[in-house]
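Everything on this sheet refers to the single structure shown next.
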Amino acid sequence: MAIKYELIKECKQTGARLGKIHTPHGTIETPIFMPVGTQATVKSMTPEELKEIESQIILSNTYHLYLRPGHDLVEKAGGLHKFMNWDRPILTDSGGFQVFSLGDLRKISEEGVEFRSHIDGSKHFISPEKAIEIQNSLGSDIIMAFDECAPYPADREYVKNSLERTTRWAKRCKKAHKNTDTQGLFGIIQGGIYKDMREQSAKEITELDFPGYAVGGLSVGEPKPLMYEVLEYTTPLMPKNKPRYLMGVGSPDCLIEGVIRGIDMFDCVLPTRIARNGTAMTSQGRVTIKQARFYDDFTPLDPECDCYTCRNYTKAYLRHLFKANEILSARLFSYHNLYFLLKLMKNIREAIKNDNLLDYRKEFFEKYGYEL
Ligand SMILES: O=c1nc[nH]c2cc3[nH]c(NCCN4CCCCC4)nc3cc12
């Protein structure tokens, strides 16, 4: 079997779990944050640097790699691991979300989605079968079913029709998936913010018996408390002995709150995206380096961080790099932000081990400046 989840421990105080996901490219300790490498690179980071910060798995995107350089080229290179020189696990998103949020959407039909490329406006069509064929060519360890992520807000009728199509597409993905022994296909649960719809989608998708499941349709603009509420009644509907993946999340508070509500896997572009804007996640909250107050501040970005950036550079120097639009700025902020989130997940795993995750949340929120 391509993907095997091992439940190690259930937290006594919350829905949090400690687990391991065994894949053909190595074992992942959960809960885990997955750095996003949309176009076969985690922007500005080398694979060696990703290993240095103990990144266990990275995410890449079917939609982007299909459009450029083309999945057939990646297959010719020997697959995505070889092409990008990353020999640890890779998860690829199926493209549904990217088509809806990036491409110039033409139309959704039962057959699939017709869209225009965000790169050159050329016309394309992706069906569930095509999304699986592309991911089979890429050779990622975990591939995602082709789904429709309903927008927020969306009315009940829209959400119901959309989740039922997602179920029909999930069946087609399962049928089309070739490499079941080397690539694990995860199903995606939709249903918007409606409890009965989430129940219906969870039932229909888990009945298809995938090796893992994602909660889709969240982190699409809904208020965080509403996302937490949806998780509260959705994760208990997902099998205990399979990984649970919350797509597109997220910020430090959402990671902690998601783990407490039973989520094992997360991905988000946030750490590398805000890095390119000179913003850092630190133990004292966010630091936006372009502020004048850092002009002659010769202290590290984060006094409590022992990453390469924080051990070797000062805020004053990082502010200079950012203002001078130096490439090194994006690199040093990306390195720190990814290190910060991966360290947060390591601390969360430790807190689950010691049954004090709620104390850890309280302490982290107070220092970071979040309200509980
Ligand atoms: O329902 C989904 N199905 C497949 N892939 C997804 C990816 C997603 N990514 C997000 N949210 C990403 C939010 N992110 C926050 C930082 C700035 C860029 C956008 N929701 C998602 C839902 C889905």
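Cβ coordinates are placed from backbone N, Cα and C, and glycine is handled just like the others.
Curation does not apply to TrEMBL; its annotations are automatic.
Record check: TrEMBL places D93, S94, G95, G96, F97, Q190, G217 at the substrate site, and the matching candidate among D141, D147, D253, D264 is D147. Looking at the stretches 10-16, 164-170, 248-254, the one that TrEMBL records under the feature region 'RNA binding' is 248-254.
In the record from TrEMBL, residues C305, C307, C310 bind Zn(2+); the candidate from H320, H336 listed for the same site is H336. Max Cα-Cα distance over the annotated substrate binders (D93, S94, G95, G96, F97, D147, Q190, G217) is 15 Å. Its Cβ placed at the centre, C305 (Zn(2+) binding site) has 19 other Cβ atoms within 10 Å. Sequence-ordered, the extra residues of this chain that approach the Zn(2+) site, with Cβ no more than 8 Å from the Cβ center of C305, C307, C310, H336, are P300, L301, D302, D306, Y308, T309, R311, Y335, Y339, F340. Taken in sequence order, the binding-site residues D93, G96, F97, D147, G217, C305 that lie near ligand 1, meaning a CB under 6 Å from one of its atoms, are D93, G96, F97, D147, G217.
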